[in-house]
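Peer 1: Take a look at this one; I'll ask things after.
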């Protein structure tokens, strides 16, 4: 049977079941993100993914998905909050423990690297649910413990530990959200970055009264008793993560991703999850197990008997789990020339931004304070006041990103390229500031454009990767991001942080990354992710 006949038959089956809510939906959005001849995706998987995409579109964007928008947003909040936390406690911890501050950032980035690899790859092996729920718990426990650190070794070690949880948030959470949302609302994955901006704002608002008022004066004796602000800050932020974990785990019930289940051959469970989501939304679904099986038969003469004959012993179950830790998920991301080109560019893009962002962000408070001191207004209060202003600026950026990615001729690629380059331009411009207000103004521009950039970056990557390998793909790009992030504090150890050198390096990296974004071969706008 030809590909055209196959497509017609599958779509005929699903179109007959379309609900009234889907009737006005643009059929173009149900096109696959991949061309048939360039997909490199198993035809059985692709056929079944189309059926599930149509079923999710039939259900529509309902109560379950909106609740998921909130609890998945906790991951975005955590992802930006904790690098900000490290930045905010940088100066008071150095004053108290008298160590080289970049070692704190180094410990954090090592933890982020481990977390990205472990949780991202693991979510393709044992599923999304446990990874989704445990990351916030790990972050909260070790952050609270870090508040009682007796020395800088304990602090750096616990920062690495809490960052293992932080590193797993976006690789897993973006996959979870994308795999439940209908194609007509995939743009919401970009708007989820509003939680990223909230994370920065929350950290700044809480740090302002605590660190600004309960910290030692730089250059003076700094005993623990007069420097409790950063400890209270960690207790508060760690406690918040535990509260968010409780909301995720005990209040909201996350079903396993239907596309993940389908990719594992658990079709009946996938169908059941779709029906549960429909009931949660007060809707009904016409999806049947027979539809998935028929789609599989059409796609690739599947031998059902081979699937059913499975050794159910404990030994065999363990063996199957171990076999899943193979290179197959990685190989699938490089299955064709176009897919390999796309994956490689995404890795490079994430790597460059992974170096540029922490190099700038981890030391922005130090830089602002030192430049402010030159202007006569480098107090702790002014520094954190400016940090709050910068945080507020980022919120409308997320909303703008969600609108721009749906514009024709611009889409994800154009928006990502434009605002990544603009981010670099604003960083270069900030070095021309001759007073504190000008410096703050340039950094407001940087914060706005970088929030748009991250909103699109965090959406386009999981949209491009197929579901069965999405966790691995997210892990690959996140790992590249974290590896290069580790380089930032190493550079800082040998650079003069009172100069604009880190800013020049960051700006150049952002501009190069923006140009690379234009070369991405896939544009997810108007297409359903697989």
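Think of each number as a place in line: the chain as shown, counted from 1.
Positions of Cβ are set from backbone N, Cα and C atoms, glycine also.
The domain 'Major facilitator superfamily (MFS) profile' annotation in TrEMBL covers 55-525. Look at TrEMBL and you will find 1-20 tagged as region 'Disordered'. As annotated by TrEMBL, transmembrane segment applies to 66-90, 102-122, 134-153, 159-180, 187-212, 232-255, 345-368, 388-409, 416-433, 439-460, 472-495, 501-522.
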Peer 1: Quick check: do the transmembrane segment (439-460) and the transmembrane segment (388-409) share at least 3 Cβ pairs under 8 Å, counting only pairs 6+ apart in sequence?
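Peer 2: Yes, the transmembrane segment (439-460) contacts the transmembrane segment (388-409).
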Peer 1: Residues of the same chain, at least six outside the transmembrane segment (416-433), with any C-beta under 8 angstroms of its C-beta?
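Peer 2: The answer is 353, 356, 360, 371, 401, 410, 439, 441-443, 445-446, 449-450, 452-453, 456-457, 460, 500, 503-504, 506-511, 513-515, 517-518.
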Peer 1: Select the range from 66-90, 102-122, 187-212, 472-495 that forms the most Cβ-Cβ pairs under 8 Å with the transmembrane segment (159-180).
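Peer 2: Maximum Cβ contact count belongs to 102-122.
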Peer 1: Over the span of the domain 'Major facilitator superfamily (MFS) profile' (55-525), how high is the average pLDDT in this prediction?
Peer 2: 85
Peer 1: If I count Cβ-Cβ pairs under 8 A between the transmembrane segment (66-90) and each of 134-153, 232-255, 388-409, 472-495, 501-522, which range comes out on top?
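Peer 2: Going through each listed stretch, the top one turns out to be 232-255.
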Peer 1: Suppose I define contact as three or more CB-CB distances under 8 A, residues 6 or more apart in sequence; do the transmembrane segment (388-409) and the transmembrane segment (134-153) meet it?
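Peer 2: Between the transmembrane segment (134-153) and the transmembrane segment (388-409), which are separate recorded stretches, there is no contact, as judged by 3 or more close Cβ pairs.
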Peer 1: Can we call the transmembrane segment (102-122) and the transmembrane segment (232-255) in contact, meaning three or more C-beta pairs below 8 angstroms at a sequence separation of 6+?
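Peer 2: As far as Cβ distances go (cut-off 8 Å, pairs 6 or more apart), the transmembrane segment (102-122) and the transmembrane segment (232-255) do not touch.
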